[in-house]
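Here's the structure we're looking at; comments come further down.
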Amino acid sequence: MREIVHLQTGQCGNQIGAAFWQTISGEHGLDGSGVYNGTSDLQLERMNVYFNEASGNKYVPRAVLVDLEPGTMDAVRAGPFGQLFRPDNFVFGQSGAGNNWAKGHYTEGAELVDQVLDVVRREAEGCDCLQGFQITHSLGGGTGAGMGTLLISKIREEFPDRMMATFSVMPSPKVSDTVVEPYNATLSVHQLVENSDATFCIDNEALYDICMRTLKLNNPSYGDLNHLVSAVMSGVTTCLRFPGQLNSDLRKLAVNMVPFPRLHFFMVGFAPLTSRGAHSFRAVTVPELTQQIFDPKNMMAASDFRNGRYLTCSAIYRGKVSMKEVEDQIRNVQNKNTAYFVEWIPNNVQTALCSIPPRGLKMSSTFVGNSTSIQELFKRVGDQFSAMFRRKAFLHWYTGEGMDEMEFTEAESNMNDLVSEYQQYQEASVSDAEEEYDEEAPLEGEE
């Protein structure tokens with residue numbers, strides 16, 4: 001089977017990762033210690049995409065847990081699913097990266113990275129046919145951002161032909177955890193543009209909004225936010241974990257979603273959104289799900305797709321869903337919102353179906369969109385970056401770890417290029433391609 005090796009780095013990555021494993025263990029009928037007591041053979045059929053079978057009916061996640069300080073790891077180990085993970089797969093330092101990207105990427109993280117790669121190698125050797133890697137991390141901190149991107153590039157070197165998907169938590173406009181977030185995020189995006197095949201952008205502020213607006217939670221905890229993220233991660237990986245009518249794997253997803261290699265930053269959404277503990281008992285219909293996933297309020301990244309256009313998108317439906325109904329709904333959405341889809345990629349919505357719904361729901365759908373409006377997110381970070389970089393604020397923390405200012409300048413211009421590429425394709429139309437931008441067009445008033 002096509003296995004996936006999962007890495008989680010830094011505090012954010014480990015907490016999201018823990019929520020993800022909790023969600024999919026439940027879907028596959030595993031208890032907190034990895035013992036199978038499920039009811040359906042479908043749960044077992046593709047168990048080994050994410051789990052290794054150990055002796056005695058026990059399943060172990062193919063997960064590598066990385067952090068530069070022991071705190072979060074201890075929390076995961078003490079959590080309800082702490083006994084699930086293989087003890088050797090916890091790799092941690094003692095010093096912490098202190099929200100400093102340079103520490104994670106060049107000094108502290110670089111010392112730990114070989115240890116991590118040994119564990120990754122061992123997990124990869126235990127696979128029949130490794131499909132790729134997925135990594136959960138945040139881009140605003142030191143470990144997840146700095147060391148996470150270091151791991152990605154090292155894994156890229158060693159497994160150049162395997163897929164690399166990242167679930168990256170972007171710094172959000174209003175909710176800021178650290179002052180140097182814009183630096184860390186820009187340096188990370190600089191790496192992700194080159195080394196990742198698919199990056200699912202998640203943003204704390206958008207998650208807060210969903211919690212407050214849709215789920216009616218007054219003061220959402222990180223637990224609630226992670227619950228949302230794990231629902232999306234479980235949805236994106238459904239097709240890999242269960243037999244379905246229309247299956248897709250990481251590579252198929254990427255082939256359908258990435259029209260140009262650098263533009264692989266996706267917005268994600270999930271429906272039906274239900275608050276934790278209050279699983280809705282009302283029936284959900286395909287039209288309702290479709291309407292909900294194409295609703296800007298449901299996007300887990302703080303950018304509004306109505307300000308841009310979709311290059312491609314993918315909708316994954318789970319549960320007892322009729323193919324025809326899905327096709328009709330998707331066609332319906334495209335016809336009503338033609339302005340939001342680029343016309344030079346016909347049929348740019350891909351659908352996948354899986355007959356096993358998530359726990360507690362009759363059906364659900366997950367949305368992955370490659371929209372040019374994601375540039376808002378990069379623009380926002382870029383503006384904050386240049387405001388600080390112009391004054392060289394906080395730079396000594398980075399140069400002190402051996403970084404060069406040049407690297408900041410490169411990262412900044414790479415991110416600006418990314419924004420203008422998105423802009424260029426947003427404005428492109430079918431006829432442009434034929435005319436190939438006539439360079440010598442006379443300026444107004446010159447004729």
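Backbone N, Cα and C atoms are what each Cβ position is placed from, and that goes for glycine too.
DSSP assigns GLY142 (GTP binding site) to coil, not to a helix or a strand. Using a 10 Å Cβ-Cβ cutoff, GLY142 (GTP binding site) registers 29 neighbours. Taken from Swiss-Prot, the feature GTP binding site covers GLN11, GLU69, SER138, GLY142, THR143, GLY144, ASN204, ASN226.
In the shown protein chains, 19 other C-beta atoms lie within 10 A of the C-beta of GLU69 (GTP binding site). According to Swiss-Prot, the feature Mg(2+) binding site maps to GLU69, an assignment based on similarity to another entry.
Positions annotated as region 'Disordered' by Swiss-Prot: 424-447.
The compositional bias 'Acidic residues' annotation in Swiss-Prot covers 432-447.
Look at the Cβ of each of the binding-site residues GLN11, SER138, ASN204, ASN226 and count the other Cβ atoms within 10 Å; the largest number goes with SER138.
Take the CB of GLY144 (GTP binding site) and look out to 10 A: across all protein chains shown you find 32 other CB atoms. Site extent for GTP: among the recorded binding residues GLN11, GLU69, SER138, GLY142, THR143, GLY144, ASN204, ASN226, the largest C-alpha separation is 23 Å.
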